[in-house]
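> Supplied in structure tokens, the structure appears directly below.
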Number of protein chains: 2
Amino acid sequence: MIDFRPVANIIGWLLVALGVIMLVPMLADLVTGSLDWRIFLISAFVTVTAGGLVVLATASTDASGLTLRQSFLVTTLSWTVLPIFGGLPFMLAFDHISFTDSMFEAMSGLTTTGATVFAGLDSMPPGILLWRSILHWLGGLGIVLVALIFLPVMKVGGMQHFRSEGFDTMGKVLPRAADISWMLLQIYAGLTILCAAAFLLTGMNAFDAVNHALSTLSTGGFSTRDTSFTHYSASAHWVGIVFMFLAGLPFIRYLQFINGSYRPLFSDIQIRAYLRWTLYAIGAVLAFRILREEGDFEPMLRETAFNVVSMFSGTGFGSNDVTAWGDFPILVLVVVGFIGACTASTGCSIKVFRYLVLFEAIKTQLKQLVYPNRVIPMHLDGRRLDEEVVVSVVVMFTAYVVGFGVLTVLLSLSGLEMRTAFTAAWTSICNVGPVWGAEVGPTGDLDGFPTFAKWLMILAMLMGRLEMVAVLVLVLPRFWRG
Amino acid sequence: MIDFRPVANIIGWLLVALGVIMLVPMLADLVTGSLDWRIFLISAFVTVTAGGLVVLATASTDASGLTLRQSFLVTTLSWTVLPIFGGLPFMLAFDHISFTDSMFEAMSGLTTTGATVFAGLDSMPPGILLWRSILHWLGGLGIVLVALIFLPVMKVGGMQHFRSEGFDTMGKVLPRAADISWMLLQIYAGLTILCAAAFLLTGMNAFDAVNHALSTLSTGGFSTRDTSFTHYSASAHWVGIVFMFLAGLPFIRYLQFINGSYRPLFSDIQIRAYLRWTLYAIGAVLAFRILREEGDFEPMLRETAFNVVSMFSGTGFGSNDVTAWGDFPILVLVVVGFIGACTASTGCSIKVFRYLVLFEAIKTQLKQLVYPNRVIPMHLDGRRLDEEVVVSVVVMFTAYVVGFGVLTVLLSLSGLEMRTAFTAAWTSICNVGPVWGAEVGPTGDLDGFPTFAKWLMILAMLMGRLEMVAVLVLVLPRFWRG
Ligand SMILES: [K+]
Ligand SMILES: [K+]
């Protein structure tokens, strides 16, 4: 039997923290004189109480280390329990928001997906808007921690390849984890403050600057405006492009960077491929648009770069109506969404590293076919690539592909038309954000989606965010046995 | 350096055979008094001469065995050179048929894809119609031979898993190949004759019965009618369902069956999964239709079963306008097309076996995550599954998925709208046949497609038919070296 107490203890502490953080949007409402501050106080009280009770009930526990199974449980349970409480303010704030909708919005927040069931953002109380951005930011922080601390020992998605980077200390994970978390928090917060300051300089008001910085660094995509970035100036777009791209880099490189190792950041093969592919995608879409559209070069370049980086990093901010560009640009955006940024970033989807591994596996296999009697080892970035890593990557990739197919069919069965089902499956399993289709509201909201579709997307966002495999393992009967 | 002579010798002999077989449609034209018989005589003359010259030029060759590289070359070159000559009658018969169109039609024929650039089939001379069906039938025969004799030694797509079935005799492949080919030819011809007889009994005329039998057993999909199976009776549909399904079974089981081993045919895990998944798909679509449509049960069941089996086996015959059923049925049809029938059948796409391997890999990987220190072997059908087979399957699967994405984007770039680009990529890489979209002609023909799109599809049909990897290996520079 698995000892659930350390797991519950951690979840309890996370709930307490979540409840305390709810006081931030409460303050925002108080400052601006919005009466909504009370819902945050209530939500905070409920969340802290629930978390506190769990912590007390499991206090006797030795939380100095987690077993492998406990790690899997903590990961999935965090992203299951926290959205339930994180959605409380939404349910209390609006009469028409059901449990489904609040769960959807909070899951979309904590998984940094950014798909929303809300319309009329411009007239919403500041507390609610800030809470959505904070959920993104917390989710982004959480996922980088999981990627740096948990996934390498859990061997999910080939992350064990990065164990030798110095973050391979399970068993005694927590003490080490505290160091990493602290450094990471500084970097993440620092970049967010930089981003907010840059947005301020472009003429964005302070509230919008903070909110968009929170959802940029987390590659989340929630905005405080129904029109998202279309509302802002050209310079705000350029700032967005830079920081969305930065949010998609492996945070481990930033950690090394501030510890004095500058080289890894600039010589990382994954970062180079990510940059190269981003430029290819921008170039292809830009060339297509130049041949078909009239207009100035700068806006065309800017909007193209903004949307490519937005989808590639999995942020999902919109600027301009991309569907007007034609089908080819949309397909490029969908494809880069299926790729996703770098591992151990706040970005989502399959990620550049896995494609590099898959391409290396294909290349090696082709060589192997020509020389059937030679043993041809695989390499990535000058380092030997373990067969185990390849299998792990491949299993994750297959789970994404098959999961995407199944999800599209089920979403269509829920009543969505094909294009909507397709993009909704893509946006939720890759945690991107936008959905295109007839059932999407005029501001891009998914309020009109059938309840069954919303729950499918909630599950898909969760699974996609935790790299499929980390959730799937819980379905295995023998996970719970012995 | 690779010795090209044995390769050229085999291609030469195949051309001679192709040329001789062109006399069959010539006879059909002569019998019916169509003046088109002359184009077949000319084409036959050109083809036999070209093939004969190649054979003579390489006559000194020792063709008793092929090296691995020569096998790869023979495979891809057969499906590249034969369509060029196989398309001659089309070019000569119609003024408006370009080299692109004739190549498209012949490639679609020999790869058993069944997508067509021809409209107005009902009024075409019988020779041309018969030639299209014959191309299918030859392509189907060829692909089963390749799957039984070449792929297991070439280790493409995990086919080495079947080496122990007794077809693992490279080096001395040709003598053994002759036995297998002869047995296979008997089975294939026997099933085709049975199918034609059954079609006759349903009231189809003799010419149509023969043509449709040829394109059913090859899972090709060319019809002699613009309206395809909508033209025929309910009983013809049922006959089609049975024989399309049979064409999707591993022909190795038929070989064992006529050699006295009855058990393998009925206990094959792949056949069982194929049957089960087919029934699931029929059940799901049928349930969906019953809830939404009025009408009798029999036609609904029949049309549903016909279209599911047609897409699953990769035949692509149409009965009824499936797009009227709604989006969910279409998506199910697309998904089963991505699965495909069994290995070593005439069916195409990724195939049930590969999915069974992938699912076993995922299951094993999940177990491995729970027990990181145990070695957990993989099994399929009670037999140990080699890691090598899994990697081989995975590489093929990844190549299909990535290839599909790239192809969709390129097709969209060629000017096709999204839905057309998506289904055209699917139909060509999975060799299914139908395309849905605005640019498709009223009878389902692709005549109006841009030339670039047609060539992309020609390449994709070739690559998909040869399981991607067998073609990709030729792109490797070191294939041609040393
Ligand atoms: K996002
Ligand atoms: K076909």
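Cβ atoms are placed via backbone N, Cα and C, with glycine included.
TrEMBL annotations: computationally assigned, not manually curated.
Got these off TrEMBL a minute ago, pasting:
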- B:7-27: transmembrane segment (TRANSMEM)
- B:39-59: transmembrane segment (TRANSMEM)
- B:71-94: transmembrane segment (TRANSMEM)
- B:Thr112, B:Thr113, B:Gly220, B:Thr315, B:Asn431, B:Val432: K(+) binding site (BINDING)
- B:134-154: transmembrane segment (TRANSMEM)
- B:180-201: transmembrane segment (TRANSMEM)
- B:235-252: transmembrane segment (TRANSMEM)
- B:273-291: transmembrane segment (TRANSMEM)
- B:330-353: transmembrane segment (TRANSMEM)
- B:389-413: transmembrane segment (TRANSMEM)
- B:455-476: transmembrane segment (TRANSMEM)
> Would you kindly list the residues that approach the transmembrane segment (B:134-154) from elsewhere in its chain, counting only those six or more residues past its ends and only Cβ-Cβ distances under 8 Å?
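Here the qualifying positions are 18, 21, 24-25, 68, 71-72, 74-75, 78-79, 86, 106, 109-112, 114, 160, 162-163, 167-168, 170, 173, 176-177, 180-181, 184-185, 188, 192, 214-215, 217-222, 247, 251-252, 343-346, 348, 465-467, 470.
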> Ranking B:7-27, B:235-252, B:330-353 by the number of C-beta pairs under 8 Å to the transmembrane segment (B:180-201), which range is first?
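So the stretch in question is B:235-252.
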> Against the transmembrane segment (B:235-252), which of these stretches has the most C-beta pairs under 8 Å: B:273-291, B:330-353, B:389-413?
B:330-353
> Check the transmembrane segment (B:455-476) against each of B:39-59, B:71-94, B:273-291, B:330-353 and return whichever range has the most CB pairs under 8 Å.
B:71-94
> When you measure from the Cβ of B:Gly220 (K(+) binding site), which residues in the chain that are at least 6 apart have a Cβ under 8 Å away?
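Those within reach of B:Gly220 (K(+) binding site), by Cβ under 8 Å and sequence separation of 6 or more, are B:Gly109, B:Thr112, B:Thr113, B:Gly114, B:Ser133, B:Leu135, B:His136, B:Trp137, B:Gly139, B:Gly140, B:Leu214, B:Thr315, B:Gly316, B:Thr346, B:Gly433.
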> Looking only at the recorded stretches B:7-27, B:71-94, B:273-291, B:330-353, B:389-413, which one has the largest tally of CB-CB distances under 8 Å to the transmembrane segment (B:39-59)?
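Per the Cβ count, the answer is B:7-27.
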> For the recorded K(+) site, enumerate neighbouring residues of the same chain (Cβ within 8 Å of the Cβ centroid of B:Thr112, B:Thr113, B:Gly220, B:Thr315, B:Asn431, B:Val432, site residues themselves excluded), in sequence order.
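Neighbours found: B:Ser108, B:Thr111, B:Gly114, B:His136, B:Ser218, B:Thr219, B:Gly221, B:Gly314, B:Gly316, B:Cys348, B:Gly433.
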> Output, ordered by sequence, the same-chain residues six or more apart from B:Val432 (K(+) binding site) with a CB under 8 Å from its CB, or 'none'.
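Same-chain residues close to B:Val432 (K(+) binding site) (Cβ under 8 Å, separated by 6 or more) are B:Thr113, B:Gly114, B:Gly221, B:Met311, B:Gly314, B:Thr315, B:Gly316, B:Gly337, B:Cys348, B:Ser349, B:Trp426.
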> Helix, strand or coil by DSSP: which one applies to B:Val432 (K(+) binding site)?
coil
> Taking the Cβ of B:Asn431 (K(+) binding site) as reference, which residues of that chain separated by at least 6 in sequence fall under 8 Å from it?
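Listed in sequence order: B:Thr111, B:Thr112, B:Thr113, B:Gly114, B:Gly314, B:Cys348, B:Ser349, B:Met461, B:Gly464, B:Arg465.
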> Taking residues 6+ outside the transmembrane segment (B:330-353), which of them lie with a CB under 8 Å of any CB in it?
111-113, 140-141, 143-144, 147-148, 157-159, 161-162, 217-220, 247-252, 268, 270-271, 273-274, 277-278, 281, 284-285, 307-308, 311-315, 322-323, 396-397, 400, 423, 426-427, 430-432, 436, 464-465
> Taking the Cβ of B:Thr113 (K(+) binding site) as centre, how many other Cβ atoms lie within 10 Å?
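So the number of other Cβ atoms within 10 Å of B:Thr113 (K(+) binding site) is 33.
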